[in-house]
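Asks: The structure is given below, and queries will be raised subsequently.
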Amino acid sequence: MRILFAGTPSFAAHYLSVLINSPYKVVGVLTQPDRAAGRGNYLATSAVKQLAIKHNLPVFQPEYLHENNGKHIIEHISVDILVVVAYGMIIPQDMLMFPKLGGINIHGSLLPRWRGAAPIQRALWAGDIKTGITIIQMDDGLDTGPILYQVACKILPVDTSTTLYAKLAKIGSTALLATLKQIITGSQVIEPQNNKFATYARKLNKKEARIDWQLTANQLERCIRAFNPWPISFFKIRDTIIKVWGAQIDDINYHHIPGTILSVDPVGIKIATGKGAIIITQIQLAGTKQMPVKDFLNSRPTWFIPGNILE
């Protein structure tokens, strides 16, 4: 089986690695164009491109896909199937007609829940107790195709997007290889999605990561875990951005204005929220490494004063 792989971030690179080390042949890689990144605005290549180059695979980086350039790529390298993981660009329906076996998409949720760009983060953000990997036959919709394979995993109260990515990558590897085997043997079972249960996982943005103290402590703690490793929850004090990497919930309702600093000690900074309080335990200043609150307080003991109200 000759595979054209389409993907961009490290989550996708994991699946490319699985395919490279499988009995199947990866004949080419589609990934997003190199983008300017960082303070120096340097040109950054995707994790998928880096892995492809390491294994001497042809790399295609069109600014956008349409029928003609998609057809050219597939015909040029003779593709049996297109495998898509977090590519980040819409695959035109016409392009799916060119591979002999069509295209499949590996998605990080239990579809039809959390269709869209950020399914792993939105599952944490919403307080879901489980998620999973769904492999679908691609159609002209956004994550709407019929289900070929689905496997679930628990979301633990301590999970972040980082840990959940790792869990899903592990179970997804087995799911991908099993699906390809079923396609080859013609034994796959196709199940249409029930659109009645569909939800949308909109893309994350940095503005969303700013902590809103009006939310409940439970909601804020979930946001902090969901936005790790990006965009990282933050708040401002003394016109300085403080990123929050770890927090705990205090369910007691203190009846203070949300954002009020309730107490400060080496364990954490307790702050009133819309309901309950959040205890911030792990923080980071710009240009420094993340650190326990006690280390921050040792060098800046007057930054957090009980009774003061944060923005």
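Just so it is clear, glycine is given a Cβ too, placed from its N, Cα and C backbone atoms.
Relevant sequence annotations retrieved from Swiss-Prot are reproduced here:
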- SER109, LEU110, LEU111, PRO112: (6S)-5,6,7,8-tetrahydrofolate binding site (BINDING)
Asks: Which residues of the same chain, at least 6 positions away in sequence, have a Cβ lying under 8 Å from the Cβ of SER109 ((6S)-5,6,7,8-tetrahydrofolate binding site)?
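Replies: Correct list: ARG115, PRO119, ILE120, ARG122, ALA123, THR131, GLY132, THR134, ALA201.
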Asks: Enter the number of other CB atoms within 10 angstroms of the CB of LEU110 ((6S)-5,6,7,8-tetrahydrofolate binding site).
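Replies: Counting Cβ neighbours of LEU110 ((6S)-5,6,7,8-tetrahydrofolate binding site) within 10 Å gives 21.
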Asks: In the structure shown, which of the binding-site residues LEU111, PRO112 has the fewest Cβ neighbours within 10 Å?
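Replies: Least crowded of the binding-site residues LEU111, PRO112, by Cβ count within 10 Å, is PRO112.
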Asks: Which are the residues of the chain, SER109, LEU110, LEU111, PRO112 excluded, whose CB is within 8 A of where the CB atoms of the (6S)-5,6,7,8-tetrahydrofolate site average out, their centroid?
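Replies: Close Cβ neighbours, site residues excluded: HIS107, ARG113, TRP114, ARG115, PRO119, GLY132, THR134, ASP143, GLN150, GLN193.
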Asks: Return one of helix, strand or coil for PRO112 ((6S)-5,6,7,8-tetrahydrofolate binding site), based on DSSP.
Replies: coil
